[in-house]
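Peer 1: Sharing the record's features from Swiss-Prot:
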TOPO_DOM  1-168  topological domain 'Cytoplasmic'
REGION    1-90  region 'Disordered'
MOD_RES   S32  phosphoserine
MOD_RES   T37  phosphothreonine
MOD_RES   Y41  phosphotyrosine
COMPBIAS  49-68  compositional bias 'Pro residues'
MOD_RES   Y53  phosphotyrosine
MOD_RES   S74  phosphoserine
MOD_RES   S78  phosphoserine
MOD_RES   Y85  phosphotyrosine
MOD_RES   S87  phosphoserine
TRANSMEM  169-189  transmembrane segment
TRANSMEM  200-220  transmembrane segment
TRANSMEM  236-256  transmembrane segment
TRANSMEM  277-297  transmembrane segment
TOPO_DOM  298-349  topological domain 'Cytoplasmic'
CROSSLNK  K315  SUMO1 cross-link
Amino acid sequence: MAQSRDTGNPFPDSGELDNPFQDPAVIQHRPSQQYATLDVYNPFENREPPPAYEPPAPAPAPLPPPSAPSVQSSRKLSPTEPRNYGSYSTQASAAAATAELLKKQEELNRKAEELDRRERELQHVALGGAGTRQNNWPPLPSFCPVKPCFFQDISMEIPQEFQKTVSTMYYLWMCSTLALLLNFFACLARFCVDTGSGSGFGLSMLWLLLFTPCSFVCWYRPMYKAFRSDSSFNFFVFFFIFFVQDVFFVLQAIGIPGWGFSGWVTALVVVGSKPAVAVLMLLVALLFTGIAVLGIVMLKRIHSLYRQTGASFQKAQQEFAAGVFSNPAVRTAAANAAAGAAENAFRAP
């Protein structure tokens with residue numbers, strides 16, 4: 001407009017006014033030609049060229065998982081942690097299978113020991129036989145004129161499941177013998193301080209000399225042979241005689257005065273006048289009591305084992321009859337008696 005005023009033409013060329021965007025102020029803010037429309041124009045766009053592409057660094061290799069311990073360490077599960085019931089059942093099944101295998105292994109070992117024992121017994125019989133087998137009990141020195149009377153080997157002759165029972169009965173017999181020996185010394189000590197107790201001292205010597213061999217022969221050996229050969233007859237002999245022996249064990253523990261037993265009653269009678277002798281007698285009474293209790297327990301235990309073996313009174317009768325008729329002396333005596341009876345019958349008028 002200022003230019004028009006200078007030229008003096010109030011009506012400038014219409015071509016200059018046809019395009020209103022020719023104004024310099026508008027041209028200055030016109031967008032560049034690289035954008036076709038205003039819709040794609042971004043005034044905040046960075047016109048600098050993008051940086052060159054760099055490939056990402058490779059990720060580090062994952063570490064190998066730690067080896068699981070052979071036994072899973074016990075830990076307390078959190079309340080929100082789910083329980084692994086599947087693994088528990090698997091572990092329980094594995095534990096049950098392991099226990100079953102161990103049980104079968106123990107049974108196989110027991111059978112192997114039994115077979116080994118039988119094999120050694122057969123070898124022993126094949127080499128010398130039962131007739132030439134040397135007796136080893138009682139274990140006497142070689143220079144002693146009295147030789148052993150019995151052969152005893154619990155590990156070889158007794159089955160594996162009964163060896164502990166037979167060994168316990170053998171120790172019971174040894175303890176009863178020791179108690180009778182101590183009872184003899186206690187009665188001797190009392191006789192030394194009281195000469196009026198001579199009858200008790202004499203009976204204590206008799207019990208020592210009588211019960212020691214008789215108990216071994218009458219109830220221990222039948223019990224040993226019963227378990228060795230599963231003999232019902234020997235079981236019945238043992239039950240009868242050992243029951244009587246248990247009664248004597250109880251009487252020994254009671255200690256009736258004048259019977260030759262240093263039991264509780266006799267020890268309490270002496271405790272007031274002879275304290276030193278009473279102490280020894282109380283120890284013997286305590287030993288008698290323990291033997292009586294153990295004897296009753298073992299009698300009940302052996303009876304339960306006897307019932308498990310399938311033995312019976314009929315079987316005992318059959319064994320007794322077979323043993324009697326297989327004895328050469330019995331057969332000879334029976335034949336002589338029959339021949340004598342027949343001869344007398346023919347001679348009778």
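Just so it is clear, glycine is given a Cβ too, placed from its N, Cα and C backbone atoms.
Quick one: where do these features end up spatially?
Peer 2: Tertiary neighbourhood of the transmembrane segment (169-189): same-chain residues 154, 197, 200-201, 203-205, 207-208, 211-212, 215-216, 220, 223, 249, 252, 260-262, 276-277, 280-281, 283-284, 287-288, 290-291, 294-295, 298, 302, selected by CB-CB distance under 8 Å and a gap of 6+ residues from either end.
Within its own chain, the transmembrane segment (277-297) is flanked in space by residues 172, 175-176, 178-179, 182-183, 185-186, 189-190, 193, 242, 245-246, 249-250, 252-253, 255, 261-264, 266-268, 270-271, which lie at least six positions past its ends and keep a Cβ under 8 Å from the stretch.
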Peer 1: Short question: which residues 6 or more past the ends of the transmembrane segment (236-256) have a Cβ under 8 Å from it?
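Peer 2: Here the qualifying positions are 176, 179, 183, 211, 215, 218-219, 222-223, 226, 262-267, 281, 285, 288-289, 291-292, 295-296, 299, 302-303, 306, 313, 316.
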